[in-house]
Each structure stands twice: as C-alpha cells, then as structure tokens.
Amino acid sequence: MRNDLETLKHIIDSSNRITFFTGAGVSVASGVPDFRSMGGLFDEISKDGLSPEYLLSRDYLEDDPEGFINFCHKRLLFVDTKPNIVHDWIAKLERNQQSLGVITQNIDGLHSDAGSQHVDELHGTLNRFYCNACHKSYTKSDVIDRTLKHCDNCGGAIRPDIVLYGEMLDQPTIIRSLNKIEHADTLVVLGSSLVVQPAAGLISNFKGDNLIIINKDRTPYDRDATLVIHDDMVSVVKSLMTE
C-alpha cells in the first residue's frame, strides 16, 4: 500500500491537467447512501412496494406528481450532508491549477459545495430544482426552507434537476466531459464501478499518460490502468495528504 501511495503522490505532483471522475463511493463518507450497493438507497426503498427505478422515473413524475414530489422530499433531500476530505482534495487541486475539473455520476452537489468550479454532473444535481410545468428555477434552500412542493408561479410540481429514468443525459454536459477526458494528462477515477452506461463509457476516450482507479471493488478498466488501489478512498486521500 505504501508503494502505491508513493506512486500516486508522484503522479499527482507531476501532472498539471488532471481530470477526476467520481461515483457514489466518494459521497458515502458524507452520509449519502450508495444507490446500488447492498444496504444502499435502492435496497431500502424497494421495500416500499414500487421499484426504485420507477420511483426515480419520468413515468412516475407524470403518473403521480404528488407521489413523486413526496418521494423526493422523503428520500433525496440530504439536508445534513457536507463534503468530505475527498471532495476537498479535488477542489484544492483545481485551485492549484493542476486539475481541469471533475466529472461526477453523483447528484448530491457536494463537489460544488466543496468549492470545485468546473463540475460536470452527468446525472444532474439536487442543488437545483425547477417547475415541471413552467420551468421556473428554484434553489435547494428554497425547497427545503419553505418545504416547497408546488410552483408559486403556476402550481406545477417542483422537481429536482436530475436525470430521471426515461430521460436523456444533457448533451452539453457530455461534450464538456469528453473534452475534459480527452485533454487530461492524468485521469483519476474515484468510487465508481464504471459499469453504469453511458457515463462509464466516457473513460474509453482517455488517451493521456496515467489512468488511476481508486475503488473498493474491481472495475472493467482495472487492466488498462497505470495504478489501481482497491481501498477506501477517504483513507487513501488522508494518507496521501500526510505523505
């Protein structure tokens, strides 16, 4: 492990166009449940009788707007979550002009909360909301502080600005993400299984020098990586910062 940390530190220190790609594992340490792993949010809400995929779908929003709104308020508004050391480390490297930014599969908005400026949120963010009817914009604090569920302009359902099942990923976000990956000298993957498509397929466009994967479990890209660390990323980053 120590040799891996030394290699990681050397690569990070010698890179000046790092792109980060993050998944659910990064946010677990902040108290955000992993949507897919055992014991995660998907397992918890599937006990309610409807599939998690349906509860997070465009169909559910259209079939039962009230049910969808109530589900979002009950299950998705992570009020007390704060960035952890991994989010802070990524933001610091961007401030130091070593990083092109971060691409994330997460919807919790914690990268922005940590101070990262160049964040591409592939699946949207819970930091923004909008009316499903008239598209008036709302902030997360608007929704939480006022327990706001319906638009004060037209009465429509206020939904989070996330990509639901049955919706397309935002193409400008995909293009920016591809640009980050194609121009990176080092790509650091953190806390992602790299199996959820099409987001994970973006990794195949990396042509730089160093692909680093830090994840508890194996990924389909491990064999192509310069360095693979199967460990808890919070522990890895803490150790790295004390090297």
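Residue positions begin at 1 at the first shown residue.
Quick reminder: no glycine exception, Cβ is built from N, Cα and C everywhere.
Taken from Swiss-Prot as is:
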type: DOMAIN; residues: 1-243; note: domain 'Deacetylase sirtuin-type'
type: BINDING; residues: A24, F35, R36, Q105, I107, D108, H123, S192, S193, N215, D232; note: NAD(+) binding site
type: BINDING; residues: F35, I107, D108; note: nicotinamide binding site
type: ACT_SITE; residues: H123; note: active site, proton acceptor
type: BINDING; residues: C131, C134, C151, C154; note: Zn(2+) binding site
Checklist entry - Since the record lists A24, I107, C134 as binding-site residues, which of them has the fewest other Cβ atoms within 10 Å of its Cβ? => result C134
Checklist entry - Rounded to an integer, what is the Cα-Cα distance in Å between C131 (Zn(2+) binding site) and D232 (NAD(+) binding site)? => result 38
Item to check | Beyond the site residues C131, C134, C151, C154: chain residues whose C-beta lies within 8 Å of the centroid, for Zn(2+) | outcome: N132, A133, H135, K136, D152, N153, G155, G156, I158
Checklist outcome for this item: C151 (Zn(2+) binding site) has its Cβ surrounded, within 10 angstroms, by a count of other Cβ atoms equal to 19
Checklist entry - Cα distance, C134 (Zn(2+) binding site) to D108 (nicotinamide binding site), nearest Å? => result 24
Next on the checklist: Neighbour count, 10 Å Cβ-Cβ cut-off, for D232 (NAD(+) binding site): what number do you get?
Outcome noted: 17
Checklist entry - What count of other C-beta atoms do you get within 10 angstroms of the C-beta of C131 (Zn(2+) binding site), across all chains shown? => result 19
Item to check | Cβ neighbours within the same chain of C154 (Zn(2+) binding site) - under 8 Å, at least six residues apart | outcome: C131, A133, C134, K136
